[in-house]
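The annotation transmembrane segment is assigned in TrEMBL to 31-54, 60-80, 113-133, 139-161, 173-193, 205-226, 300-320, 365-383, 395-413, 446-470.
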């Protein structure tokens with residue numbers, strides 16, 4: 001017979017050992033710095049925050065308000081599903097999850113923390129929507145209702161974490177909500193549907209009554225979830241603990257490659273092993289990338305859904321849309337660049353095939369370039385058909401944009417780990433490590449090959465033949481220069 005040990009003394013003993021090296025008052029000092037930072041940022045950005053969350057009068061139509069609500073709910077659900085939401089710190093997951101302690105009390109702090117975080121995020125989203133689309137005297141009830149709905153989404157994801165059948169349903173519903181929100185925003189931006197301002201809001205007492213009903217429902221659901229919290233399978237808690245631990249490691253060590261590597265491993269761990277031949281007419285490494293892209297169908301669908309993003313940014317300054325196009329092309333090209341990252345760290349495949357680094361990199365550039373080209377073509381056609389581009393056939397620039405995006409994605413994959421051995425910079429605000437800065441710009445810096453297109457979109461002049469020729473020449477010459485400068489016919493590895 002197993003006797004449960006009280007959890008609180010165990011946690012207190014562990015906490016005392018963890019903080020024994022700290023000086024007295026260190027926690028209070030950290031809290032003071034955090035509060036001071038929030039106060040300084042609030043004083044600096046209060047006008048911008050007021051514009052985002054609380055304009056003088058309602059200026060948002062019914063269609064975009066509904067779209068933002070769907071997008072917020074969908075992305076919030078996907079984020080909760082990605083991190084758990086019931087999780088533990090890695091030491092607690094390894095040593096206390098199987099210990100004779102109450103699992104409900106062990107998991108309850110993470111549920112409380114997730115509830116507080118999701119309530120704040122949902123309340124901020126509800127504040128922005130209510131500030132732009134509702135009378136300001138009704139906003140408190142709407143904000144309260146938004147926070148309660150956020151907690152309701154948390155309860156749904158807790159159930160989904162416990163039961164795989166509900167996990168599939170929750171993921172699909174969240175994806176459909178995001179797609180519906182994007183479709184409504186595209187329809188509003190294209191002018192296909194009426195987006196008149198919202199009228200006829202319920203009275204304030206009615207909204208408070210609805211919020212009270214939501215509070216009762218959420219309280220009842222929370223009681224049921226807490227009572228069955230111990231039924232959460234240990235393997236899913238461990239998966240969530242690994243993810244949250246990697247997130248903290250990436251943030252503390254300023255090393256994003258930890259996170260990308262873990263995401264790739266988790267994705268392929270849930271895939272079924274199959275065997276397929278690459279197309280015989282393609283080079284061998286290009287064929288491998290083709291098979292990889294074919295198996296990343298969910299990623300391709302999300303990229304297809306993201307093609308209207310530049311169209312949705314047309315209400316912002318022109319430079320925002322202009323910069324979004326090459327960045328989106330780079331993101332599309334990054335679908336298959338995990339193989340480049342692998343080859344950079346371990347070029348065994350290139351050695352077995354007898355390929356030099358230049359030959360291997362040239363073969364790896366084809367599929368990212370094609371994916372970036374297709375994404376750029378779709379985005380430019382949407383902008384062209386809706387009349388948000390100057391005169392001219394701007395879709396012709398999708399080819400050099402694809403080349404630039406593919407090169408940027410491959411360069412990003414070859415960047416490897418953050419170099420913490422670089423000399424820091426002394427600034428009036430303190431010392432800045434140059435390694436993370438260099439790593440952050442590795443990849444996006446190659447988008448300089450798309451500068452003519454970006455400048456042309458910002459200026460807004462009609463598309464000229466000179467711009468087309470200059471953009472094609474810069475993309476081709478820049479790609480050739482990148483190959484020659486970063487590879488060697490006598491070298492095998494792809495390290496830059």
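Keep in mind that glycine also has a Cβ here, set from the backbone N, Cα and C atoms.
Below 8 A, the CB atoms of the transmembrane segment (60-80) and the transmembrane segment (446-470) form no more than two pairs separated by six or more positions in the chain, fewer than 3 in all.
Using a cut-off of 8 Å between Cβ atoms, the transmembrane segment (205-226) and the transmembrane segment (446-470) share fewer than three residue pairs, counting only pairs 6 or more apart in sequence. For the transmembrane segment (446-470), the residues of the chain that approach it from at least six positions outside its boundaries are 318-319, 321-323, 325-327, 329-330, 389-394, 396-397, 400-401, 403-405, 407-408, 411, 478-479, 482, judged by C-beta separation under 8 angstroms.
With a cut-off of 8 Å between Cβ atoms, the residues of this chain six or more beyond the transmembrane segment (31-54) that come close are 124, 127-128, 131, 136. A Cβ distance under 8 Å defines the sequence-distant neighbours of the transmembrane segment (395-413), meaning residues of its chain 6+ beyond its ends; these are 325-326, 328-334, 337-338, 340-341, 344, 361, 364-366, 368-377, 380-381, 384, 442-447, 449-450, 453, 463, 468, 471-472, 474-476, 478-479, 482, 496.
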